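Visitor: Sharing a structure below in structure tokens format, with a few things to ask.
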């Protein structure tokens, strides 16, 4: 779809959506997003120019269907997939991608760390994906030197970052906010550093006794990104990994640096969103969202969860969806899903489905709470179908139609029950929705009350 759109831009020094928006140009991607979000083109252009909305759209991702991440658009959901040295292969990752897109992922991140040819799996995912693809390049940078921190140099990072851009990656998590002076702040934590990318860079700084190369070479990364329109997802290396560590000095020190890096990227006309925690008690979620908006000048916020309790391994898609719904309500632009396997193992395709549905619920609930135009239309339509016992319509409107039909049919599988005015919960005689209160019923009731000298029904 985009091949003809981007053909004229190739070779330009800066092809980012932010660059065009600041020149007053409405790109085809902005027009597409405006129609998709039911927003005026001018508003989309203004939000992109201001940095409050990004359209991750690498010029080398030709089959991408453009989408927006920002406060003015609907709350989005990212699904993480990726192979590890211990599990998965290319076919398995493509199956996860297919399921993620089927169940509504707005973006997908390939977090492969090994076990497969990383370039092969990434290009296969990009070529098969209509949604933006994100990556964490430090994983491959370390893999390229066979896991040897001592052999990893600054140019290795930049080489991998540009390779990902050339392959069509739409946004990259760049852990540039973790500085060498932040490392002492980690000592008082219960769980230390829980970001894999952050852990790699902390090891690099401790071994080489030098500043984070992604920070010192940040302007070079900006120069790479603007040639491809790759967006920054500024990584939160010091996100809290437990309730105890939430909103601590380490997290907030890095957030301040991320705010400064946001401005530096904007100075290059490069699009930016900022990643956030993590594990956060419910009473601290609003503070975290407001603080990010303040420090990062309202750049889109992209949070992992946050998990609101740490005692439910196997159910962290639930513990985190609670926090995600709240974060979305307070203004977070995109939610990164968590699967039931979080903290336990590599997710399989069914885990992807479970995590994604939990987060689509959270994002949709946030849109309703924020009174986004049309956000509740589907809810109202399903409610009408429920009241009218239109079972097939209910299934069709569900976030997971297959699961809804499966649960209904476990006890009432025959087709005749798709017209029944009950389910197996209440049975044929006790469903309250069978009670239809009509105007005729109310007129009869009012006449009866009047004949007995009772008060009239309220209007």
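Backbone N, Cα and C atoms are what each Cβ position is placed from, and that goes for glycine too.
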Visitor: What does Swiss-Prot list, out of 32, 139, 315, 330, as binding the same substrate as 80, 109, 175, 195, 196, 197, 236, 237, 238, 239, 275, 302?
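Guide: Swiss-Prot lists 80, 109, 175, 195, 196, 197, 236, 237, 238, 239, 275, 302 binding substrate, and from 32, 139, 315, 330 it also lists 139.
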Visitor: Using residue 197 (substrate binding site) as the reference point, find which of the binding-site residues 343, 423, 426 has the shortest Cα-to-Cα distance to it.
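Guide: The smallest Cα gap between residue 197 (substrate binding site) and any of the binding-site residues is with 343.
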Visitor: Helix, strand or coil: which one is residue 302 (substrate binding site) in, per DSSP?
Guide: strand
Visitor: Please report the distance from the Cα of residue 431 ([4Fe-4S] cluster binding site) to the Cα of residue 279 (Zn(2+) binding site), rounded to the nearest angstrom.
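Guide: Here the two Cα atoms lie 41 Å apart.
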Visitor: Across all the protein chains here, work out how many other Cβ atoms are within 10 Å of the Cβ of residue 195 (substrate binding site).
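Guide: So the Cβ neighbour count for residue 195 (substrate binding site) comes to 24.
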Visitor: How many other Cβ atoms sit within 10 Å of the Cβ of residue 279 (Zn(2+) binding site)?
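Guide: So the number of other Cβ atoms within 10 Å of residue 279 (Zn(2+) binding site) is 26.
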Visitor: If you measure residue 239 (substrate binding site) to residue 279 (Zn(2+) binding site) at Cα, how many Å is it?
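Guide: Between the alpha carbons of residue 239 (substrate binding site) and residue 279 (Zn(2+) binding site) there are 8 Å.
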